[in-house]
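Worksheet for the structure shown next.
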């Protein structure tokens, strides 16, 4: 992009970007030093406006449909050119960054943004390398033009905004969107497409490591506890959202964290609380008259966020990498109150529950979502971000688990004693105690009871957890009603799973309707 008519700031520092954002009226400074920015009507991702260019080099490997919508190559060229022309006389911010903290599996990316705060977000969430693109790989380009207005009749979009990935040209176009999470999830989708061809499993998970080098992964949708549970004062954080699992180890795809802020408290989430300071971007967080953030205020959205670099976390793995995981945790948020707080899975059950991705949308990250909590099945615990057919990722997971001998657990961070509205949600200290027992290895060979309808093995005891909580039927006053809800959930699993072509061993590993 030419910088004759416009001013272009290359690789600007955090302080410069905060200054630019304030001078340009893009945000305000909070009492804790963070920058607050508002994203307008779109306070979450816009899945209906996400497209992938349908071109010969990648078309056969993508699962086309409502998640991966096809976009014509010619329409993309025209729209890219119009956005470039729109930005030609604008002040711009450009950084050379990387996605993937692995010397073999990184992707270099040049990020061009119209807004200073979007550039700060990109520099917080992507990796700022000591030496850019050491292997001289072809460079991806992201252009983010939030003030460009798409015209569906002219541009081939579904609305006034679009997110479009082009694998052949290594381009990502974001137009008409202020919500910054689209940038990180776009490059996550890119890596989710590229990594399997290199024998690497891309994962929507968080990861941390103990003092002895033992790695734990936490899979889950937004709001189920990935960030909270991986930010453990007793362990070292690798990352909170996106990772690759290669033979020999796991690596963070990012260089920062994107934590949910709703109801954030210093007591329950000290690591996240302390990370919010100068350089952090707060999205759609409301402040009082003294500029103190009010994390309880959801008047703009339930999906309030903090974007900060990993350097803001004291206890972290500085190379953003770890050994292969001894423990893998699938976080599910069960709104029916039926699932136990922890189950120990066989490798076939792991494949079944990975493909099912049963959970709930909690303070959903997608626009148009209400604050109502709905159950959902999200393949691989992140269906919106995986371009290839689900079986590709499930096979890679099975391969890695078998090869290393990882133990997989299903942990319910949702409700017990009744469905949402009647029962109560498991509190964070209870879930932390369960996770402590998992990472210490105490549950790997624990004595279990079998729940027939759910087809799950549940430990009879977990240190620090009320034994009555472990078998969910004990927490329901009406046992017959529990059995009815359990049967309904088993039927929902079976109905959802019918679409998958898998072995009988995997199909039979699910609940028994």
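First residue shown is number 1, and so on along the chain.
Heads up, the Cβ atoms here are built off N, Cα and C, so glycines get one too.
Cross-referencing 153, 269, 348, 395 against the ATP binding annotation in Swiss-Prot, which names 185, 204, 220, 221, 222, 223, 224, 225, 226, 227, 228, 305, 431, picks out 269.
Here the candidates are the binding-site residues 222, 224, 241. The one whose C-alpha lies nearest to that of residue 45 (substrate binding site) is 222. Listed in sequence order, 181, 258, 259, 260, 261, 282, 283, 284, 285 are the same-chain residues six or more apart from residue 305 (substrate binding site) with CB atoms under 8 A from its CB. For the recorded Mn(2+) site, residues 185, 204, 241 set the reference point as the centre of their Cβ atoms, and the other residues of that chain within 8 Å of it by Cβ are 184, 188, 242, 382, 385. Cβ environment of residue 204 (Mn(2+) binding site): 188, 219, 220, 221, 241, 242, 380, 381, 382, 385 lie under 8 Å away, each six or more residues apart in the same chain. Overall, the recorded ATP-binding residues 185, 204, 220, 221, 222, 223, 224, 225, 226, 227, 228, 269, 305, 431 cover a maximum inter-Cα distance of 27 Å. In the three-state DSSP assignment, the secondary structure recorded for residue 228 (ATP binding site) is helix.
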